Structures are given as structure tokens and as C-alpha cells.
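Feature annotations, courtesy of TrEMBL:
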type     : residues : note
TRANSMEM : 25-50    : transmembrane segment
DOMAIN   : 41-290   : domain 'G-protein coupled receptors family 1 profile'
TRANSMEM : 62-81    : transmembrane segment
TRANSMEM : 101-120  : transmembrane segment
TRANSMEM : 140-158  : transmembrane segment
TRANSMEM : 200-221  : transmembrane segment
TRANSMEM : 242-261  : transmembrane segment
TRANSMEM : 273-292  : transmembrane segment
Amino acid sequence: METANESTGGDFILVGFSERPKLELILSLFVLMFYTITLVGNVAIILLSILDAGLHTPMYFFLRNLSVLDLCFTTSIVPQMLVNMWGGNKKISYAGCMVQYWVALALGSTECVLLAAMAVDRYVAVCWPLHYTSIMHPRLCHLLAAASWSSGFANSFLQSSMAMVLPLCGNRRVDHFFCELLIIVKLSCVDTGPTESKMFIARLIILGMPVSIILTTYVCIARAVVKMRSAEGRKKAFRTCASHLMVVSLFYGTIMFLYLQPKDNYSQDQSKALAVLYMILAPTLNPLVYTLRNKDVKKAVRSLMGMEQV
């Protein structure tokens with residue numbers, strides 16, 4: 001009875017990097033800088049893709065969704081992280097902790113599926129260019145986006161529900177800089193093996209299915225590119241897919257290494273480093289990857305600033 005009461009009240013302590021004060025100070029400045037860039041970059045993409053008619057295409061529709069995801073994802077983690085780093089109080093309420101890991105897991109899962117939808121868009125653009133407009137109809141784009149968001153939040157609801165019924169036994173020390181679901185599960189005083197196994201299967205599905213779609217689409221794209229006789233056509237196909245491939249590699253590479261590795265190989269220091277990579281660095285790089293060499297975006301910026309050349 002006591003464990004049941006303790007599982008629904010009290011504060012958690014986010015240890016973060018407090019054992020290394022100098023590293024924590026440097027990291028906090030690093031995080032603040034990249035969070036600011038994330039806000040500016042993703043807000044700019046969202047506004048540009050809405051205001052400029054030339055960017056009302058399926059590719060920028062999905063990119064706008066990705067930017068919204070990145071904004072919400074980092075905002076669910078970073079402000080609390082900075083408060084804990086700069087203040088002596090490392091606590092977060094029970095309710096705040098539950099909301100944080102539920103939202104973070106939902107948005108992370110959504111991004112997994114959204115990247116697969118973006119791969120389908122790139123496949124159609126390269127392999128069926130003449131039918132691209134008719135295939136990637138706005139109705140299909142909205143359907144794919146809705147499937148991404150709904151599946152991500154459904155996965156989070158499923159895993160979070162399994163975690164919330166586990167009793168805690170007074171240990172509220174979270175060895176991370178945010179409330180990470182797997183760590184909260186490990187704080188339980190009962191055998192969490194069956195629960196962790198079910199969560200592993202859920203993670204395998206939400207990661208495995210999108211990865212399978214991405215790999216399949218890029219195999220088809222590679223075959224189509226090989227058959228192209230024009231060197232210019234192959235270059236154009238590469239430019240069409242390069243940004244997406246970079247984002248996919250960074251996101252899936254870190255998240256799969258972190259969440260699908262055997263439990264015996266789980267290192268908390270490794271977990272924190274990888275979490276910083278995919279939660280803070282990746283959302284910062286996404287808008288840069290998609291815009292630095294993108295002529296459409298540069299043209300949209302010039303147009304909105306009244307600098308478009310006649």
C-alpha cells in the first residue's frame with residue numbers, strides 16, 4: 001500500500017550532469033545557443049512555407065510538419081533542463097515528469113513515421129516525376145501527416161500507460177537531464193522485465209516499420225538513378241534526396257543505437273551524450289540541412305524581403 005501511494009506523488013530529482021559542474025556550465029551554454037538556433041531556424045521554415053506560394057508543395061508541407069515537431073520536441077525538454085542546470089534545485093514534479101516523458105516520446109515517435117512519409121514523397125519525386133503532382137495530392141499528404149501524428153501519440157500512450165501503473169519505492173533520483181521513460185521504469189520496486197519486453201516490442205515496431213519503408217524507397221530510388229542516362233538527371237535526383245538522407249541518418253542512427261541495444265550494454269553516460277545529440281543537435285541541424293543549398297528557400301526569403309530580382 002505504501003508503494004502505491006509513493007508512486008503517485010512527490011518530486012523527482014534530475015541528476016543530469018551535476019556531478020561535473022564545469023561540464024554542466026559549458027553544456028548549458030551550448031544547449032542555450034543551439035536551442036535559440038532551433039527556434040529561429042524552424043520558425044523561419046514554418047513561416048516561409050506558409051507565406052510563400054512557391055513553397056506550397058508536398059516536400060515543404062512535410063518539412064513544415066518536421067519543423068513543428070522539432071520545435072515542440074526541444075521545448076518539452078530544454079527549458080526545464082536549463083532551469084535545473086542554472087539553479088540549485090534539480091527537482092521536477094511527479095506530474096511534470098509524466099507529462100515530459102509522454103510528450104517527448106509522442107513527438108519522437110511521430111518523427112520516426114514522418115521521416116518515412118517524407119521518404120515516400122522523395123521516391124515519387126524521383127521515380128514518378130511526371131505523375132508527382134497527381135500522386136502526391138494534398139489529400140494524400142494530409143493523410144500521411146495525420147497517420148504520423150496519430151501513430152506517434154498512440155505509441156506514447158501505450159508505453160506511458162504501462163509505466164504509470166508500476167509502483168515506485170521512494171527512489172526519485174533520475175540519472176538523466178530529463179524524465180526518460182526507460183529510467184522511470186527502472187525506478188520501480190517490482191520486476192520490470194515483462195514491461196520492458198513489451199516496451200521493446202513497441203519501440204521495435206515504431207522504429208522498424210518506418211526504417212523498412214525508408215530502405216525500400218531508397219533501394220527503388222537507387223535503381224531509378226542507375227538507369228538514368230543523363231549525368232544532370234542523376235545530380236538532380238541526388239540533390240532531391242540528400243537532405244532527407246542526412247536527417248534520417250542522424251536521427252535514426254542515434255535513436256536506434258540508444259533504444260534498440262541489448263540491456264546489458266546500456267551505459268548512462270552514453271545515453272546522455274546520445275540524447276543531447278538527437279534531442280538538441282538534430283533539431284538545430286534539420287533546418288540548416290534543408291535550406292543552406294536550397295534555391296527555392298533562398299528565393300522565398302528574397303521575395304518576402306522585397307529583394308527578388310526582376
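From the backbone N, Cα and C atoms, a Cβ is placed for every residue, glycine too.
A TrEMBL annotation is a machine prediction, not a hand-curated record.
From a predicted model like this one, the values you see are computed outputs, not experimental measurements.
If you look at the transmembrane segment (242-261), the same-chain residues 6 or more away from its ends with a CB under 8 A from one of its CBs are 66, 108, 111-112, 115, 118-119, 122, 182, 200, 203-204, 207, 211, 214, 218, 270-271, 274-275, 277-278, 281-282, 285-286, 289-290, 294.
Within the chain carrying the transmembrane segment (273-292), a Cβ under 8 angstroms from the stretch's Cβ atoms is held by residues 27, 31, 34-35, 37-38, 41-42, 44-45, 63, 66-67, 70-71, 73-74, 77-78, 104, 176-178, 180, 243, 246-247, 250-251, 254-255, 257-258, 298, all 6 or more beyond its ends. Long-range Cβ contacts of the transmembrane segment (200-221) within its own chain (Cβ-Cβ under 8 Å, at least 6 residues beyond either end) map to 109, 112-113, 115-116, 119-120, 122-123, 126-127, 151-152, 155, 158-159, 237, 241, 245, 248, 252, 255-256, 259-260. Summed and averaged per residue, pLDDT over the domain 'G-protein coupled receptors family 1 profile' (41-290) gives 85.
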